[in-house]
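Heads up: the structure comes next, in structure tokens.
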Amino acid sequence: MVFFMSYSSKRLQLLAQPSFRWYVTSCLLATLGSGLSYVTLSWLILEVDDSLAAVSVAMLCFWVPTVFLGPLLGVVADRYSRKWLIVGGNAIRGLVLILFGWYFHHSLSAHLIYLLMTLLGIGFAVYLPATIALIREIVISEDLLYANSTIDIAYEIGNVAGMGLAGAFIAWLSAPTTILMTGIIFIFSTLAVIRVQPHLQKTRKKKTSYRFIIDDFTAGLGYLRINPKLIVIYSVQLLVLVSFMTAGVLLAPFVKSILHATVAQFGKIDAALSVGVVIGGIFLPWVAERWGFTPTLLVLCLALGILFSWFGLNHSILGAEILYLFIGVCLAVWPLMVTKAQHLTEFRFQARLQSVFNSISGLIILLIYLLVDLGSHFISIQWLYAFEALLAFISLFLLWRYRGLLKKDKTA
């Protein structure tokens, strides 16, 4: 009990800070909206074009802006207010969802949904590099680990709630009304982040020009080149993000073709991953403090590789639920890696480095979507889980190979 109180007090102290509390609230609402919109738009696209290819095209439309606009927006986030970029990203998503939700009552087509997904992708591309960097303007460096893990828990709770409630809302309100309501949720998320008051560090403003964007981007690559440990930690972060974002894409065809499970059983397996992420988010910061960052990352990446390999070979529904729970715990390594990257990166380069690797991860995610859609007739879904395991083992190799380099930092 004493341990639990001492451990919980760190999060409670953070949540007692108004700016951090509003930031977490904004993150929770944003992912609630994301979960609702993802399921609802997937439902709509299948209504107008009953094919998995249409869902894949919709996902392509969403991720393409991150791939191509990410590096540019990272430079902007390092020069201008990250808070107001987040406000802009959430406001874009809120307004277009409200507009399209209203319009879908009158006209609905696959091309309109693709356009909406592209606009949502632009809003996400604006939001993503700024949101990871902004936290350094809200909490002190020593609190980043618990701050990032708390935010990750909020993300997962919001996402699970959104995806879980989507079916009920569609049945009760209709899909277009659910889209409109999701836009209102994003507006509330926008209002919450407006209440955040960054005070620790300030971004530098400079006149916008093509030249300054190129110069700043080049400076970021130069900074990355002379700091090889950053290449290592951001690469590992990239690989874990790809695993996290594609695990759900692989689950549905695996459950259907290999496990032959019902929709309800699929829901339980999917929920197990989210429960695992929350459990990991609660306890892994304490483990990292006791063991050190690098040993914790090594163990979690090893476990993740083994679990993904085992999951691909598993044919039991109960076994799938248990394995997915532990995969979720291991995927909660993400906030630990974000914290490590934040500690290693100078504040003025944070957003542009993050955005470069986000763009690369977005490209890999796109390729996996295409592989699932186009290559499913030639490649067993079990082999794609072997690919997920390979990503984890590559992460393990990088961390082990360069562990001495990473341990030079005080957080190791």
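Just so you know, glycine gets a Cβ as well, placed from its N, Cα and C.
For 20-46, 52-77, 84-105, 111-132, 153-173, 179-196, 231-254, 266-284, 291-311, 317-339, 351-372, 378-400, the entry in TrEMBL reads transmembrane segment.
Within the chain, the transmembrane segment (52-77) has long-range Cβ neighbours (under 8 A, six or more residues past its boundaries) at 41-42, 45-46, 85, 110, 113-115, 117-118, 120-122, 124-126, 128-130, 133, 203, 208, 213, 216-217, 220, 249, 351-356, 358-359, 362-363, 365-366, 369-370, 372-373. Only sequence-distant pairs (6 or more apart) were considered; of these, at least three Cβ pairs between the transmembrane segment (317-339) and the transmembrane segment (291-311) are under 8 A, so the stretches are in contact. Within its own chain, the transmembrane segment (266-284) is flanked in space by residues 149-150, 152-153, 156-157, 159-160, 164, 247-248, 251-252, 255-256, 296, 300, 317, 320-322, 324-333, 335-336, which lie at least six positions past its ends and keep a Cβ under 8 Å from the stretch. Contact between the transmembrane segment (378-400) and the transmembrane segment (179-196) is absent: fewer than three CB pairs lie under 8 Å, with pairs separated by 6 or more positions in sequence. Below 8 A, the CB atoms of the transmembrane segment (20-46) and the transmembrane segment (179-196) form 3+ pairs separated by six or more positions in the chain. The list of residues near the transmembrane segment (179-196) in space but at least 6 beyond its ends in sequence, with Cβ under 8 angstroms from a Cβ of it, reads 18-19, 22-23, 25-27, 29-30, 32-33, 36-37, 40-41, 44, 83, 86-87, 90-91, 93-102, 104, 134, 138, 169, 173.
Residues 27, 30, 37, 41, 44-45, 48, 57-59, 61-66, 69-70, 73-74, 77, 82-83, 85-86, 88-93, 96-97, 100, 103-104, 338, 342, 350-352, 354-355, 358 of the same chain lie 6 or more positions beyond the ends of the transmembrane segment (111-132) yet place their CB under 8 Å from a CB of it. Long-range contacts of the transmembrane segment (231-254) within the same chain, counting only residues at least 6 positions beyond its ends with a Cβ under 8 Å from a Cβ of the stretch, are 59, 224, 266, 269-270, 273, 297, 301, 304, 308, 312, 324, 327, 331, 333-334, 337-338, 340-341, 344, 353-354, 356-358, 360-361, 364-365, 368-369, 372, 376, 381-382, 384-385, 388, 391-392, 394-395, 398-399, 402, 405-406.
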